[in-house]
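Feature annotation from TrEMBL assigns transmembrane segment to 70-91, 97-128, 149-170, 245-265, 285-305, 317-342, 376-395, 401-423, 444-473. Residues or ranges marked as domain 'Amino acid permease/ SLC12A' in TrEMBL: 75-180, 240-491. Here TrEMBL flags 533-654, 664-864 as domain 'SLC12A transporter C-terminal'.
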Amino acid sequence: MEADINKGNHAEMSEDQQGSKLELYGFDSLVNKLGLKSMRREHAPQSTRLPDGEDVAISVGQPKSNELKLGTMMGVFVPCLQNILGIIYYIRFSWIVGMAGIGGTLVLVSFCSLSTILTTISLSAIATNGAMKGGGAYYLIGRSLGPEVGVSIGLCFFLGTAIAGAMYVLGAVETFLDAAPGFAIFGESITSVNSTVIPGGVQEVPKDNSRPGITGLSSDTFKENWSSEYQLTNSAGVPDPEGKIYWNFNALVGLFFPAVTGIMAGSNRSASLLDTQRSIPIGTLAATLATTALYLISVLLFGALASREELLTDRLLTAAVAWPAPAIVYIGIILSTLGAALQSLTGAPRLLAAIANDDILPVLNYFKVDDDGEPYLATLFTAFICVGCVLIGNLDLISPTITMFFLLCYTGVNVSCFLLDLLDAPSWRPRWKFHHWSLSLIGALQCILIMFLISWSFTVVSLALASLIYYYVCLEGKAGDWGDGFKSAYFQLALRSLRSLGASQVHPKNWYPIPLVFCRPWGKLPENVPCHPKLADFANCMKKKGRGMSIFVSILDGDYYECAEDAKAACRNLSTYIDYKRCEGVAEIVVAPSMSAGFQCIVQTMGLGNLKPNIVVMRYPEIWRRENLTEIPATFVSIINDCIVANKAVVIVKGLDEWPNEFQRQFGTIDLYWIVRDGGLMLLLSQLLLTKDSFESCKIQLFCIAEEDTEAEDLKADVKKFLYDLRMQAEVIVVPVNSWEDTTEGGAQHDNSLEAFTAAQKRIASYLAEMKQRSAKEGTPLMTDGKPVVVNEQQVEKFLHTTLKLNSTIRRYSRMAAVVLVSLPAPPVKHPAYFYMEYMDLLVENVPRLLMVRGYQRDVYTLFT
């Protein structure tokens with residue numbers, strides 16, 4: 001008793017010590033339970049953060065089910081064996097031996113069985129890579145290749161499984177009529193091989209079991225039946241020189257392959273298995289190898305047992321040679337086929353219900369399991385399909401259809417295993433070690449080859465059906481975050497491509513614009529609008545045919561720890577907006593104490609290698625004076641200077657509210673005022689604008705500034721030659737500097753510019769006077785925005801005059817322009833940011849739609865091929 005008390009105290013002490021160790025993490029012993037529970041779910045929770053003071057009740061372990069779980073033998077091996085060893089073996093196999101010969105049939109069996117063995121190996125690898133829910137092959141393919149591929153192949157496999165039930169029923173009926181032909185209601189059936197439809201029926205086959213063609217095991221008979229004897233037959237398969245059906249190896253593959261299908265019967269019961277990771281590999285492979293061995297042995301026995309004529313005329317030779325009486329085989333065939341049909345009628349509805357339960361396609365919601373866990377509507381729908389195929393009444397017409405759907409599923413399994421094994425993601429750790437990506441690749445290629453060997457028309461139809469379902473799922477389906485293999489493939493491809501690009505400068509031939517779109521730098525937008533509606537339209541105008549990557553970024557002012565959740569929500573909203581605008585880009589949200597600090601963080605760290613953004617795109621702050629936003633000038637200048645230091649190009653859009661969308665066609669010209677060397681970025685942007693529907697009717701005008709009139713003609717000739725080498729059509733207009741002083745052609749436009757110029761002079765003088773007064777009062781040098789400045793009043797006046805002349809020239813020559821592009825001057829060193837903002841305001845005055853462009857001293861255009 002004392003020992004027990006001491007033992008209890010020791011255990012209690014250990015628990016307290018353990019709790020004190022875990023107390024640092026804030027979860028105590030709850031961490032382990034919460035972690036295990038989340039790992040048992042297929043989808044990880046969005047957040048594991050527990051609210052302060054909230055009590056959480058967690059039940060450890062999975063809820064116990066009253067459903068009886070099946071083991072390897074009854075859950076996988078027997079269903080697979082029953083589906084594989086079916087009607088084709090009993091009523092078609094001996095005839096195949098007679099047509100292809102022993103040698104040809106051995107090749108046929110080996111060829112078809114190799115496909116299923118390789119598929120079984122791939123299936124085993126995927127099934128042992130983790131826990132598995134209901135749905136069998138659909139679940140494996142969908143979680144490996146994504147919901148679109150999974151649903152398209154899964155629905156085709158469902159149809160194949162449902163139609164297979166009809167095949168088994170027809171096989172049972174054919175066997176029954178062979179044993180008792182007097183019960184036939186109709187005296188004619190339809191046979192179709194390789195799309196050739198012929199009337200006839202199996203009643204023409206002789207039924208006498210005492211024919212001399214059954215020789216018993218004989219070496220002479222074995223030798224005579226070794227080689228193939230492909231020939232014409234009638235509709236019942238009996239050799240006939242005037243027959244209309246010619247059998248060859250390809251046709252026999254289509255007839256025999258359903259005899260090796262059925263390997264998915266066990267995996268289709270995955271929800272009912274006790275241990276899927278153990279039962280599916282062992283049971284499926286054992287059934288496949290056992291039936292393959294039986295087929296190979298049967299080829300030798302049938303070939304040595306009866307003459308070729310007997311093999312070709314008695315489709316139920318298995319019953320004729322059965323011991324002790326043919327009735328045993330008849331009864332066995334009927335019971336076996338009906339049992340396989342019932343398995344199809346139970347497996348197919350659960351497959352359809354598994355697809356519906358994933359909630360990918362809303363149209364399949366009717367086929368979900370009911371409250372008691374049974375797929376009643378899915379079962380009725382499966383029965384309807386099965387009955388419809390039974391009414392067709394012909395086994396040879398149904399077999400190729402089943403074969404195509406099954407081969408499509410097998411191809412999906414092999415491709416899934418190949419992709420996962422080749423990528424070798426950290427989560428790829430299957431317990432089944434007898435696999436390799438090369439085996440999966442061979443299996444997938446062999447399945448595709450068999451499809452085309454059987455019938456290229458059936459192959460095209462099945463692939464078209466799967467493609468239509470895939471396209472429909474892409475349009476109407478819901479996204480399922482299953483971590484499919486294609487995402488891993490994209491990731492590996494991106495890494496390899498990034499490494500191949502390296503960190504060296506990109507050649508102009510391979511240069512692509514990667515815009516960094518500054519979504520909300522200023523301007524008042526509703527809180528639920530993550531980005532200016534026209535910024536996405538403009539970003540698409542910077543990419544040829546909409547291709548390329550854009551990075552949409554926004555900055556939240558505040559502390560990161562306090563605003564982290566808000567940033568995540570804002571990022572989701574921005575991503576949704578990007579998808580809605582059909583932009584190829586990603587969303588990023590940065591939390592920073594200020595906009596300037598946030599932009600410096602972005603411009604230094606955003607991107608990876610040569611996939612870093614190379615152009616900063618933002619809206620011109622037109623509202624700063626109207627809304628009296630005095631902090632904007634310093635932020636605006638800071639951003640431009642950061643771009644210059646980081647060697648990023650800059651494109652600033654003025655008149656963004658009037659920027660046209662894809663349906664608003666523009667006329668007139670695209671005017672370029674090319675003042676400084678920018679690596680050809682302005683020329684490239686104009687060409688990209690012309691590729692858009694809204695600007696395709698426009699023409700380009702290129703304005704060049706000449707110092708003297710004497711230089712105008714030479715400059716014009718040089719620019720024309722340059723544009724010709726660039727394959728660019730544009731009208732070149734040279735504007736001499738001395739013509740700026742001529743105001744006679746300016747008229748009212750010049751008067752308006754002059755009025756704006758005078759107003760800017762007054763504001764600058766007032767701002768400078770306040771600076772001087774504050775400096776004299778505090779006894780400090782001239783300061784603005786916390787930084788010392790140097791003001792050269794003559795230089796300020798010169799800058800204002802230059803901006804005035806350029807604005808007057810733009811308004812004179814570009815009154816009918818759809819959009820104007822002008823070089824963006826760099827902020828003068830140590831000038832107040834307010835002065836630079838005045839320069840820019842004067843430059844854009846009364847110009848409705850203007851792009852200010854600054855390159856980054858790197859060529860983005862090349863003259864050479």
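Quick reminder: no glycine exception, Cβ is built from N, Cα and C everywhere.
Note: TrEMBL annotation is automatic and uncurated.
Looking at 70-91, 376-395, 401-423, 444-473, the range that has the most CB pairs within less than 8 A of the transmembrane segment (285-305) turns out to be 70-91.
As a quick check, the transmembrane segment (444-473) and the transmembrane segment (376-395) miss the bar of 3 or more Cβ pairs under 8 A, pairs 6 or more apart, so the two do not touch.
With DSSP states grouped into helix (H, G, I), strand (E, B) and coil, the domain 'Amino acid permease/ SLC12A' (75-180) comes out at 92 helix, 0 strand, 14 coil. With a cut-off of 8 Å on Cβ pairs spaced 6 or more residues apart, the domain 'SLC12A transporter C-terminal' (533-654) and the domain 'Amino acid permease/ SLC12A' (240-491) reach fewer than 3 such pairs and are scored as not touching. Sequence-distant contacts of the transmembrane segment (97-128) (same chain, at least 6 residues past either end, Cβ-Cβ under 8 Å): 137, 140, 144, 222, 225-231, 247, 249, 252-253, 256-257, 259-261, 263-264, 267, 270, 276-277, 280-281, 284-285, 288-289, 291-292, 295-296, 299-300, 302-303, 308-312, 407, 410, 413-414, 416-418, 420-421, 430-432, 434-435, 439-440, 442-443, 446-447, 450. Counting only same-chain residues 6+ beyond the ends of the transmembrane segment (317-342), those with a CB under 8 A from a CB of the stretch are 82-83, 85-87, 89-91, 93-95, 164-166, 168-169, 171-172, 175-176, 178-179, 209, 214, 262, 302, 305-306, 310-311, 386. The helix, strand and coil residue counts that DSSP assigns across the domain 'SLC12A transporter C-terminal' (533-654) are 61 helix, 27 strand, 34 coil. If one looks beyond the transmembrane segment (149-170) by at least 6 residues along the same chain, the residues whose Cβ comes under 8 Å of a Cβ in the stretch are 83, 86-87, 135, 137-139, 141-143, 258, 261, 264, 268, 337-338, 340-342, 344-345, 347-348, 351-352, 354-355, 358, 360-361, 382, 385-390, 392-395, 398-399, 401-402, 404-406, 408-409, 412, 462, 465-467, 469-470, 473, 477, 482, 484.
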